[in-house]
Amino acid sequence: MSCVCVLLLLCFGKTLGAPLSVDKGAMEYLVQFGYLDPRVMRDDPNMTDDMMGNMMTTSVAEFQMFFGLEPTGQMDEATHEVMTKPRCGLKDKHDYDEEKSFAPFGSPWKKQNLSYAILTYPSNKDLLAAAVDEEMEKAFAVWSAVTELNFLLVASNMSADVMVTFASRAHGDGMPFDGAGKVLAHAFPSPTGIVHFDDDEPWTIRKYRGENLFYIAVHEFGHALGLDHSNVTESVMYPMVAMYDPAFRLHREDIQHIQALYGRRTRPPPDLCSDPTFDAIFQYPAGVIYILKGEYYWKVAADGPVSWYPKLISHHWHGLPGNIDAAFALPSGKIYFLKGDKTWAYKGSSLLPKYPRLISDVWKGIPKNVDAAMYYDESTFFFFKGDSYWKYILNEHHDVNTDTYPKPLSRWDGIIQDLDDVLRIGDYVYFFRKGRYYRFNCITHLVDQGYPDLPDYHRPTGPWWFRCRENGTEDYNHQGPTEPGHRNVTAACPTLHTAPAVFVAILTLSLGQL
């Protein structure tokens, strides 16, 4: 870029205005962002006013060219307006860098799996930590979608590759923030991995006012990965801030530059719309549904899939293999995964001690290589394999009554074998099989029929769970009914934990028949 600027300046040399009178504010700005030699700010007896003016004229012209203005070299209104816009705190040019404490941009990380920690959160109490976590996760996912990079959030007391901090004014890196406005954040590449956000800024999430946290995070994480500023206005690495865009996508230049450092994702993850079958499904206590398929997992919220997924299973649940047979979660947050003859138990994303273990040691009487598994209530679990199922009662014996189980799967109102997995939500049990699903009603003890004007069960999984079009493509803007979206309705129905005694007796009797 520097060579281009010099050539263009030579071309425009005859048209540049007379040397500028010294504008201290403009000088400080041009020095700060790499356009002007910082020596002009020092008392140098060898530098005359004419020399300083000529240097200012040249640096202003370079600034104007970078931002697409007419390179007159004069501090006109348009140039001043650009200088007042909120922006990233890193330099646009590095010709006058005096110290090289940070690796140069273009230096990639030497590994694909990177951890990050959020050391401090915004002091603005309107921004919950969970919401900030989500925006950071989305921002990292933008870069992982087009490279082989994977990112994992770790606790703030753990060592991490990228460390995120919200700080005000002087904060220990020699680059103090300036209060609300102008400099919003800055970041440094490998091996430093520092990302700082100015805590004095009015950070917002999914709003058209304030400073959009997601967009700035994508930009700063680009720096942490080794990208420099771009003069392409549509690029996320453009120094100035863009307005909030709910349909944000990386510009092709961003993709080209990040792939020049890390390569492209050679094997794209599976697509749940083109093939809606999966290995396992479970609902976490917070209400989010997890889908596992091959080496990847997805999150599905009440309004459909979370758009920045899938992610690698092994990067979230360390030590867990892909191609899981079945999974289920307890209200405590404990998650069980089953594969072959082994079971893994996690609390959140942490593997519990002594796991993995043999299924026969943990779930006595349950066979290996199950097709599906389901948490029903605090003492009842179901396991499915082929055309049979087992009910596991958590009692003092911790086993299955082998005198009465297994029983035929057809007892669930004709559900047939070869299940993908099973999930209970409220008073419904969902049976997933080969891209379609049945909804079993625990009250009527029957597979539900469709509502008026809606199809009967079994329904296609893609449109009703993953917001897919009928032709197998994604349609995240689809506003039609989705099965996960009914959770707020079904959750209002009495359950084993909240039902009146009479209802519990009826439901227990119905369950007992299984």
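Even glycines carry a Cβ here, placed using N, Cα and C.
Sequence annotations record features per position, and here TrEMBL assigns active site to Glu220. Look at TrEMBL and you will find Cys88, His219, His223, His229, Met237 tagged as Zn(2+) 2 binding site. Annotation comment: TrEMBL describes Asp126, Asp199, Glu201 as Ca(2+) 1 binding site. For Asp161, the entry in TrEMBL reads Ca(2+) 2 binding site. Per TrEMBL, Zn(2+) 1 binding site is recorded for His171, Asp173, His186, His196. Residues or ranges marked as Ca(2+) 3 binding site in TrEMBL: Asp178, Gly179, Asp198, Glu201. Marked as Ca(2+) 4 binding site by TrEMBL: Asp279, Asp325, Asp420. Annotation comment: TrEMBL describes Ile281, Ala327, Ala373, Val422 as Ca(2+) 5 binding site. Residues or ranges marked as domain 'Peptidase metallopeptidase' by TrEMBL: 105-264. Feature annotation from TrEMBL assigns phosphotyrosine to Tyr355.
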Neighbour count check, CB within 10 A, over binding-site residues His171, His186, His219, His223, His229; minimum at His171
In whole Å, how far does the CA atom of Asp161 (Ca(2+) 2 binding site) lie from that of His223 (Zn(2+) 2 binding site)? 13
If you measure from the Cα of Asp325 (Ca(2+) 4 binding site), which of the binding-site residues His186, Asp199, His223, His229 is the nearest? His223
Close in space, distant in sequence - Ala327 (Ca(2+) 5 binding site), Cβ under 8 Å, 6 or more apart: Ala280, Ile281, Phe282, Tyr290, Leu292, Ile335, Tyr336, Phe337, Leu338, Ala373, Asp421
With an 8 Å cut-off on Cβ-Cβ distance and a minimum sequence separation of at least 6, pull the same-chain contacts of His196 (Zn(2+) 1 binding site), or say none. Thr165, Phe166, Ala167, His171, Asp173, Met175, Phe177, Ala185, His186, Ala187
For the recorded Zn(2+) 1 site, enumerate neighbouring residues of the same chain (Cβ within 8 Å of the Cβ centroid of His171, Asp173, His186, His196, site residues themselves excluded), in sequence order. Gly89, Thr165, Ala167, Gly172, Met175, Pro176, Phe177, Ile194
Nearest of the binding-site residues (Asp178, Gly179, Glu201, Asp279) to His219 (Zn(2+) 2 binding site), judged by Cα-Cα distance: Glu201
Listed recorded positions among Glu220, His223, Asp279 whose Cα sits within 10 Å of Asp199 (Ca(2+) 1 binding site): none
Compute the C-alpha separation of Gly179 (Ca(2+) 3 binding site) from His229 (Zn(2+) 2 binding site), stating it in Å without decimals. 22
For Asp178 (Ca(2+) 3 binding site), name the DSSP secondary structure in the helix/strand/coil scheme. coil
Any idea what DSSP makes of Met237 (Zn(2+) 2 binding site), helix, strand or coil? coil
For the Zn(2+) 2 site given as Cys88, His219, His223, His229, Met237, which other residues of the same chain have their Cβ within 8 Å of the site's Cβ centre? Leu90, Ala187, Glu220, Gly222, Leu227, Asp228, Ser230, Val236, Tyr238, Pro239
Closest of Asp126, Asp178, Asp279, Tyr355, Val422 to Cys88 (Zn(2+) 2 binding site), Cα positions, recorded positions only: Asp178
Taking only the Cα atoms, work out how far Asp126 (Ca(2+) 1 binding site) lies from His229 (Zn(2+) 2 binding site), in Å, as a whole number. 31
Roughly how many Å lie between the Cα atoms of Asp198 (Ca(2+) 3 binding site) and the residue listed as 'active site', rounded to a whole value? 12
Looking only at Asp173, Asp178, Asp199, Glu201, which of these binding-site residues has the biggest number of Cβ atoms within 10 Å around its Cβ? Glu201
